[in-house]
Amino acid sequence: MAYGGGNITFSNHSERTANGPAASAFDYCHSLYLHSRILVPLLHAVVTTVGLSINLYMMLVLFRDLRRPSTGSLTRSGSLRGVSWNFQYFLFHIGLCHICMLTTIPVWITQTVFAQGWIFGYAGCKAVKGLITFSMQYGILTTVYINAERFVRVVYNKTRIKCGNSKRRIRTCLLCACLPAISCLTDVYFYTTVELGRNVVMCVSTADPRVKLVVLWIRTIICFVAPVAVLALCNGALVYTVKRHVRKVSLLGVIPRSSLKGAQIIPLLTVTFFVCCWIPWIVSSVYYSFSQVRVRCPVTVFTVINASMAVGNVHCVMTPAMYLFVRARRAKLSQTTGRTGPKWFSLRK
């Protein structure tokens with residue numbers, strides 16, 4: 001049976017009830033199945049509830065700021081105002097992707113919880129899988145673009161770029177959506193409902209195992225390995241630039257602003273959260289993608305992959321949390337110093 005992008009051959013040891021090792025395997029699988037039916041949905045429910053709340057609040061804040069671009073976290077400089085508006089525009093898109101993932105992934109894992117398997121029909125199978133693929137990849141690539149653009153502005157001091165150009169934003173969105181759209185259409189084509197017997201239906205991929213393996217590796221490289229490399233490079237350069245700026249200010253006998261500490265911490269947290277949240281799902285998907293893998297207890301596969309998907313969804317919580325935290329600190333700083341603006345991404349050399 002295909003699951004998680006790979007082809008897995010399940011052993012029938014878990015279905016035997018004879019005495020001996022087979023009985024022990026059956027007892028283990030049955031116990032794991034009972035616990036996973038409770039713990040995995042509970043884990044997804046907690047992540048989804050918290051994630052939806054914080055993302056909806058972030059989008060409300062962004063929508064309010066986008067409607068009033070002259071107030072809030074924007075600066076008095078025209079160029080920086082365009083930068084901030086551009087940043088919020090793409091962050092709004094990321095929030096939409098997060099909401100889509102937080103609502104569709106719990107629906108996807110229900111097929112391993114319900115006794116009937118997939119209960120949402122043929123069209124629901126294709127729609128849910130397509131939405132998961134597109135929202136996940138588009139959100140990741142948009143996050144990479146935001147960090148790359150911030151890297152260019154801060155490290156190379158390119159603050160006077162035309163960020164407010166709507167055509168430029170549309171071109172960027174279309175560019176970020178190219179690969180996710182292709183991946184989405186591929187999953188919509190290959191994923192379908194398959195009856196496994198005993199009135200159990202699963203939403204699985206019917207593609208050739210070799211095709212699935214190649215597709216999985218391509219997606220892993222483009223949507224995880226490459227983004228991690230870009231995020232590490234861009235945010236590492238940001239931290240280095242901020243530290244150099246702090247060193248220069250200290251040599252002049254001026255005490256650095258406390259906001260510069262956040263400018264060093266936020267880039268590190270961005271990379272750390274991205275890697276820690278997504279690497280469990282990537283590793284489990286790649287491991288179980290090989291057709292040679294024989295799983296004694298199939299529930300183990302479902303439990304590991306479904307739990308790792310919940311951990312991946314934690315990234316949908318941390319990104320808006322960091323933005324709201326930085327925004328709140330900037331608002332507090334502006335009240336005490338009379339300044340406005342998110343200077344943690346507008347630092348000059």
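Note: Cβ is positioned from N, Cα and C throughout, glycine not excepted.
Lifted from TrEMBL, the feature list:
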type	residues	note
DOMAIN	54-323	domain 'G-protein coupled receptors family 1 profile'
TRANSMEM	42-66	transmembrane segment
TRANSMEM	87-109	transmembrane segment
TRANSMEM	129-148	transmembrane segment
TRANSMEM	169-192	transmembrane segment
TRANSMEM	216-242	transmembrane segment
TRANSMEM	263-283	transmembrane segment
TRANSMEM	303-326	transmembrane segment
Check the transmembrane segment (263-283) against each of 42-66, 87-109, 216-242 and return whichever range has the most CB pairs under 8 Å. 216-242
Are there at least 3 C-beta pairs under 8 angstroms linking the transmembrane segment (169-192) and the transmembrane segment (303-326), leaving out pairs fewer than 6 apart in sequence? no
Beyond the flanks of the transmembrane segment (87-109) by at least 6 residues, Cβ under 8 Å: 40-41, 44-45, 47-48, 51-52, 55-56, 58-59, 62-63, 65-66, 120, 128-129, 131-132, 134-136, 138-139, 142-143, 145-146, 149-150, 169, 172-173, 203, 306, 309-310, 313, 316, 319-320, 323, 342, 345
Are the transmembrane segment (169-192) and the transmembrane segment (129-148) near each other by the rule of at least 3 C-beta pairs under 8 angstroms (pairs 6 or more apart)? yes
